[in-house]
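Okay, so here's the structure we're looking at.
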Amino acid sequence: MGKRILFFLLTNVLVMTTIVIVWSIISRFTNFGGSFETGGPGLGIDYASLMVFSLLVGFTGAFISLAMSRWMAKKMMNVKVLDPNGPLTERERFVVEKVHRLSRAAGLMHMPEVGIYQSAEVNAFATGPSKKRSLVAVSSGLLDAMDDDAVEGVIAHEVAHISNGDMVTMTLLQGVVNTFVVFLSRVAAIIVSRFVRSELQWIVQFAAIIVFQILFSILGSIVVSAFSRYREYHADRGGADLAGRDKMAHALRSLKAYLDRTKLNDGTDDSAVQTMKISGRGGVMKLFSTHPDLDDRIARLEQR
C-alpha cells in the first residue's frame, strides 16, 4: 500500500498546486475569482467565501487525484497489465488466478486489472478510482523472493484494500485535509503580503500561497498517514479472512525475514522495503509512515 499512498499524495500535491496557480493567474488578470480581502476590520478577509473556495478546490483536487490514480501508477511503475485470456507464463497465470479468486471471495463484481512490474523491490499495491476500475500489481522481486503461500497472502491484503473501499475513503479524508491546506495557506499568504509594498503584494502573495500550500500539505500528510496505518490493520484482517490467517501471517513473516536478511547482508535497511514501510520508523519520521511496524501487525493478526 505504500506505493498507492505515495502515488495518491504526489498526484494530489501536483493537482492542487496546478489548480491554485491557474486560479491565481485567472483572478489576477480577470474579474473572475476575485480577492478574498475585504479591507474590513481585523485581517480584512472574507472567511466565508474563502472557505467555500477551499472546499471546492480541496475536494476537486482530491477526486481528480483519485481518477488519475490507476493511470498514474501504471505509467510511473511501467506496469505490465496481464491479459487473462492471453499467453502468460506460469508465474503470471498464478498471480492472475489468485487475484481473481480472492476478488470473487471478497464479493467484487468486477475483476481488478492485474499487473507485474520489473523491480528488485519486494512490493505490491492496489489502486484505482473505484472497485470497478481497480488494479492489483506485484513486483517481480516479490515473486522471486516469496513462496506461493506468501504471495497469496500479499495479494489477499491488496484485494482487501479494494473491497474495503480504502481509496475512496482516503480521498474523502484528503479532501478535508486539502480544504484546510488551501484555507490556511491563503490566510497566511495574505498576512505575509501585508509586510511588503503594495505594488509587490500580488507576487509575494502568489509565491507565499505556493510555499505555504506545500508546507501545510506535508503537515497534512501526517493525518493521512495515520489513517493509512489504521487501515492497514483492517486490510491484514481482510486478507486473513480471504486467504486464511496462516497465509496472511506467513506473508508478513516472509517480509520481515527478507528485511532481516537485507540488514544482515549490508548493515542497512533496504530502501525498497522501506518504500513499503514494513519495518516501521522511529522518531518524527514515524508520523509520516503509511504502514505500522511489521512486528505489531504480526502480533495483532495472531491475536485474532
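Each Cβ is built from the backbone N, Cα and C atoms, and glycine gets one as well.
Residues or ranges marked as transmembrane segment in Swiss-Prot: 5-25 (among others).
Per Swiss-Prot, transmembrane segment is recorded for 48-68 (among others), and the stated evidence type is sequence analysis. Away from its own ends, the transmembrane segment (48-68) comes close to residues 8, 11-12, 15-16, 19-20, 23, 36, 129, 167-168, 171-172, 174-183, 186-187 of its chain (Cβ-Cβ under 8 Å, at least six residues beyond either end).
In the three-state DSSP assignment, the secondary structure recorded for His161 (Zn(2+) binding site) is helix. Every protein chain shown contributes to the tally, and the Cβ of His161 (Zn(2+) binding site) ends up with 25 other Cβ atoms within 10 Å. Per Swiss-Prot, Zn(2+) binding site is recorded for His157, His161, Glu232.
Taken from Swiss-Prot, the feature active site covers Glu158, and the record attributes it to sequence analysis.
Here Swiss-Prot flags 172-192 (among others) as transmembrane segment. For the transmembrane segment (172-192), the residues of the chain that approach it from at least six positions outside its boundaries are 8-9, 12, 16, 20, 36-37, 43, 45, 50-51, 53-55, 57-59, 61-63, 65, 204-206, 208-209, 212-213, 215-217, 220, 223-224, 227, judged by C-beta separation under 8 angstroms.
Beyond the transmembrane segment (203-223), the same-chain residues lying 6 or more positions past its ends with a Cβ under 8 Å from any Cβ of the stretch are 9, 12-13, 16-17, 20-21, 24, 28, 173, 177-178, 180-182, 184-186, 188-190, 192-193, 196, 287-288. For 203-223 (among others), the entry in Swiss-Prot reads transmembrane segment.
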Tell me which residues of the chain lie with their Cβ under 8 angstroms from that of His157 (Zn(2+) binding site), as long as they are six or more apart in sequence?
Ala124, Ala235, Asp236, Gly238, Gly239, Met248, Ala251
